[in-house]
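Note sheet for the following structure.
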Amino acid sequence: MPPSSAAEGSTKRKKGGAAPHLKSRSKNARKLKRSAEDAEIAQLEQGIQAFVSPIDLKQFTQLPLSDRTCRGLKRAGYTDMTDIQAKSLSLSLKGKDVLGAARTGSGKTLAFLIPVLEILYRRKWGPSDGLGALVISPTRELAIQIFEVLRKIGSYHTFSAGLVIGGKDVKQEKDRLSRINILIATPGRLLQHMDQTLGFDTSNVQVLVLDEADRILDMGFSRTLNAIVENLPRNRQTMLFSATQTKRVKDLARLSLQDPEYVAVREPENEGCTPRGLEQHYMLVELEKKLDLLFSFIRTHTKCKALVFMSSCRQVQFVHETFCKLRPGVSLMALHGKQKQAKRLQIFTQFTKTQHALLFATDIAARGLDFPAVDWVIQLDVPEDVDTYIHRVGRTARYTAKGNSLLFVLPSEEKGILEALATKNIAIGRIKPKESKTQSIQNQLQAFAFQEPQIKHLAQKAFVSYVRSIHLQKNKEIFDVTALALEPFAAALGLPGAPKVKFVKEAAKAKKAAAYKAAQQQADDNSGQVKGDSDDEQAERADKNGKVRTKYDRMFERKNQDILSKHYANLIADDASSEQDSSNDSDTSDDDSVSVATTDNDDAEDREETRYGRSAGRRKENRLVGSDTSDSEEDESDDEQNDSGLHKIKSETKRSVMAARGDGDDGFLTLKRADHALEDDGDAYGIGGDDTRITMEQAKADATENLSKRKLAMGQSKKALALAGKRGIGEKLIFDEHGEAHALYELQDEEAFNKQGDAKTQAQRWAEEERERMQQADAKDKELAKEKRREKRRRQKEREKALERGDAPDNGDEGGSGDDDEEEEETGGRAVLAPIDNRSDGYETPDFDLTTEEDEDDDDDADDDDDDDDEAYRAPAPKRRKMAPSAGVTSQPSHSKKSKLEQEEELALRLLAGDA
């Protein structure tokens, strides 16, 4: 066959398909391939079950892995295993739940990706089986990094893998989710697809992996993770990996782990959780000097790769913008959460490939990201906790490489952060900057802020965001916002003054209150140790200082506030009388002397009342007997005033009783003012100097004699009355059948109330009386409504009959004149049912009776009264079309007022005449 024809034949076979013998050969090949895979899978299952981890487990070839996975690892350059990989793979390959903890850069990504590939391969997972493995990452950059590693080591497998993160096209992701076997996602976007994407089924997931598990399980992703786990099957395999692994039972119970195996790479006791090749330093810096030292460090380290962490996105933006204008001589980049996903991915890739660069970033770059050859990690702000510090410094000194870290610490933060790092056995040394190489950039920043409003606005945002980040930190022993020098810090950012931040004042106030409370508690504790204090008193004092006492608490804690002075005086008088009866014969001389002395005191009081008016005497009496009128704010003062008031009442009452006794027995126990009136009595307000009764009006007149007109006007003003609670209070009286006045809402005493029966019986009686009264009133209303309906129906029928006869209704009772309507209006316009219309709905041809002009005038006069009743309810008659007079019909003269029937008859005649 010529070459051309051979070429054509080969082309035809490609278009038409393989030859029959080739089809059979490929079918046999696929069959052999499947049988070989089945044999390999069976061998792997046996090897996994019988595998015992040797002591010298160093290479991946020692593990019972599939040939495809081994080739992928070899192609990616992974031959030797790390400690965490050697300890965890032997457990995870058997299908057990694993909690893995190891230092940063120790190869945790391969420790969970290899079991994912092997488990799905051994279970013959295919495209029709759906989603089989789910890997959740806290950040987008870490998810991208995991996906790239999976592509390298799984290149020989036939699984379909997908990446689902925020910032991507959701519609494009929805179309491909149903065909994915291994999914790597961030929590937020994964939950969004679970809620919105049709056909996305997670009920058959075999493996769940949480990378940086402690970050995913904390409060930031708590609710999202709970919602995701609810949609996953319980018989899955779960693996958790992090540099700072959690052991909290609450977190582990949420994931429904089944007998998890905790795998941790034990470090020597003298080493911490940070990489071995990491040198850690800290520098004591004032807040306003941070940017100067950072810029000086960059100027002196232009041939290195560094990562600078800050606490907020606004700080990253401001420092990146201003330092780029200062041109330090090295490539500067910024990575923070306010950037678009495409920009974040571009910067992540660019910094990974660049040899000498400096990246300003927030904590989104602190976890899991593997930046190659990072020389320095600089922390411009102290991290929130030790775990964050470990993850930050873990971006350098990866695996066996070397690295350095530098932490800028404020003087107020030094003690707290060093103690926190010591709890994790992290040794950090202090270094001092060289003054000769320190360069100030404050003047340049001020010039930038003055020339460009955007830079000034960004500086203000950076200032506020930093202060807010310090204020929101939980550990107040390290982060004290009140200790920050805000004015110098604002000047260091180039601002003319510090922006006003409200929560700084609130924090200062709270700190002052906490210090005062601590001092008060300390004083109470010291006073509680004094001798003589009982346990009850100490407990009561602790209860008072332990909670805030409101005015209601003080009100309910008052004691002896309801003692009646008059009743108590009578009791004391009875005691005094019994004592006098027993000692009447032996103490006559003493009684006389006491009586004379008491009489002199009474005369002195009368003279004082005459000199200063009746009000002075009453004030003096109230001062002696007024224990029930005191309203103290503290319990101790209440008790003291009550006790003193009771002693004064007792002494004064005894003195009055002894003075009231005369020489004979007739004057025994005659009190001078025993039945004096109180302030509420209007008819007898007090007793005068000559034992005469004074009315309330006279007492008020005496009290207002010494007041000026201005004071009197002020006392009667609306404001004064409102403050006294007397404004708007009216006294309403009702008179009974005997002519006696009673208050409108007069209260009965208990005795009078019980005479009428108990409360339940009276309530039932009142309900029955009201029910009966309402029934009677209802019957009257119904009867009245029926009568009105009957009357209206009768008048309507009479009016219709009169119209049928052609007679005008009279103004009497039968015609239904306007007097009845007026009478209805005067009754109050009670609503009644509409009258029943008994006329037929069809049209009735009227009898046309032509009358003379005189008859029409008479009829008009007779119908005026009837038409007046309907004027208010009938609209004016519409204008009728003028028609030409025809032969045989005389034109009728126009009248100002015509009845409705006559107008209809006239219109009918005109229409008939026109048709004729």
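Heads up, the Cβ atoms here are built off N, Cα and C, so glycines get one too.
Note that this is a predicted model, so its numbers are computed, not measured.
Features of the protein shown, as given by Swiss-Prot:
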- 1-34: region 'Disordered' (REGION)
- 12-33: compositional bias 'Basic residues' (COMPBIAS)
- 58-86: motif 'Q motif' (MOTIF)
- 89-263: domain 'Helicase ATP-binding' (DOMAIN)
- A102, R103, T104, G105, S106, G107, K108, T109: ATP binding site (BINDING)
- 211-214: motif 'DEAD box' (MOTIF)
- 277-442: domain 'Helicase C-terminal' (DOMAIN)
- 519-554: region 'Disordered' (REGION)
- 539-554: compositional bias 'Basic and acidic residues' (COMPBIAS)
- 575-667: region 'Disordered' (REGION)
- 576-593: compositional bias 'Acidic residues' (COMPBIAS)
- 608-623: compositional bias 'Basic and acidic residues' (COMPBIAS)
- 630-642: compositional bias 'Acidic residues' (COMPBIAS)
- 645-655: compositional bias 'Basic and acidic residues' (COMPBIAS)
- 752-916: region 'Disordered' (REGION)
- 766-788: compositional bias 'Basic and acidic residues' (COMPBIAS)
- 797-808: compositional bias 'Basic and acidic residues' (COMPBIAS)
- 810-826: compositional bias 'Acidic residues' (COMPBIAS)
- 844-871: compositional bias 'Acidic residues' (COMPBIAS)
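Each of the binding-site residues T104, S106 was ranked by the number of other C-beta atoms within 10 Å, and first place falls to T104. Counting residues of the compositional bias 'Basic and acidic residues' (797-808) by DSSP class, helix then strand then coil, yields 9 helix, 0 strand, 3 coil. The average pLDDT the prediction assigns to the domain 'Helicase ATP-binding' (89-263) is 88. Contacts of K108 (ATP binding site) defined by a Cβ separation under 8 A and a same-chain sequence distance of 6+ are given as I84, G100, A102, D211, F241, S242, A243, in order along the sequence.
Mapped onto DSSP helix, strand and coil, the motif 'DEAD box' (211-214) counts 2 helix, 1 strand, 1 coil. Cβ proximity to the ATP site centre (mean Cβ of A102, R103, T104, G105, S106, G107, K108, T109, cutoff 8 Å) flags the following additional same-chain residues: T82, I84, A243, Y399. Cβ neighbour count for R103 (ATP binding site) (all protein chains, 10 Å cutoff from its Cβ): 24. Within the set of binding-site residues (G105, G107), the lowest number of other Cβ atoms found within 10 Å of a Cβ is recorded at G107. Looking only at other Cβ atoms within 10 Å, the busiest spot among the binding-site residues A102, T109 turns out to be A102. Secondary structure of the motif 'Q motif' (58-86) per DSSP (helix as H, G, I; strand as E, B; remaining residues coil): 17 helix, 2 strand, 10 coil.
Across the compositional bias 'Basic and acidic residues' (766-788), DSSP assigns 23 helix, 0 strand, 0 coil.
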